[in-house]
Amino acid sequence: MVADWSLPIFEIAEKHRETVLSRLTYTVFKQADLFRIFKLSPIKFFNFFHALERGYWDIPYHNRVHAADVLHGCYYLTCHPIRPLIGPTTSPDSLLPPPLSPAAPISSSMSTLEAILYNDRSVLENHHAAESWRLLQLKENSFIETLDPAETKRFRYLVLEYILATDLKQHFEIIMTFNEKSSEMELLNESDRLLMAKMIIKMADINSPTKPYGLHRQWTERICKEFYEQVSVFFMNW
């Protein structure tokens, strides 16, 4: 089922409302053979993702279902025609940013303090990365503990790079760099592979217009509803 671009994500979410993200991520990791390759602990994996799922707000669009859908988009794009541009060195770090990115949203009461903490730079993304890494540091959640120090350092670097790449302030810079390099990508070049992975995450993040109409319409209705709700909250607190 995960090999289908038209994955019926809302049907899956109806059956597994609270665990759609952990279940889909586990399926992807199993199919990619990541548990065996990196000797990851399935128990700690589920501990981490269940804790992560509990951090999501029940809002229309940016929720655990959207995170699962973006994860699926990343997996699909790395398993199909453009796979040679990615290679095995980006797994599992290229698959983790989607579920990590939207965790623990910042409430309006927190926003000022978080902005001060991160000096107004990628505030939401930095908060998501920090909160996700905090959960991953807990012993019962640390499913990457089998990685050696060098692998862990690289894993952290790539995950943070991918999460921060979802900040719209970086959008045009990433697109411009990609357009300049797209015709001469060097597969052995680390920076080129990193750029391609960022593009995959960005494409997966806004994939709904390329899905069947029914899926696209549901996502569109959800994001419109969420935006209207945010505006209402803003004016109530203004």
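A Cβ is built for glycine as well, from the same backbone N, Cα and C atoms used for every other residue.
Feature annotations, reproduced from TrEMBL:
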| type | residues | note |
| --- | --- | --- |
| ACT_SITE | His62 | active site, proton donor |
| BINDING | His66, Asp205 | Zn(2+) binding site |
| DOMAIN | 1-238 | domain 'PDEase' |
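A straight line from the CA of Asp205 (Zn(2+) binding site) to the CA of the residue listed as 'active site, proton donor' spans 11 Å. Each of the recorded positions His62, His66 was assessed for Cβ neighbours inside 10 Å, and the highest tally belongs to His66.
Per-residue confidence over the domain 'PDEase' (1-238) averages 86 (mean pLDDT, predicted model). Neighbours of Asp205 (Zn(2+) binding site), defined as other CB atoms within 10 A of its CB across all chains, total 20.
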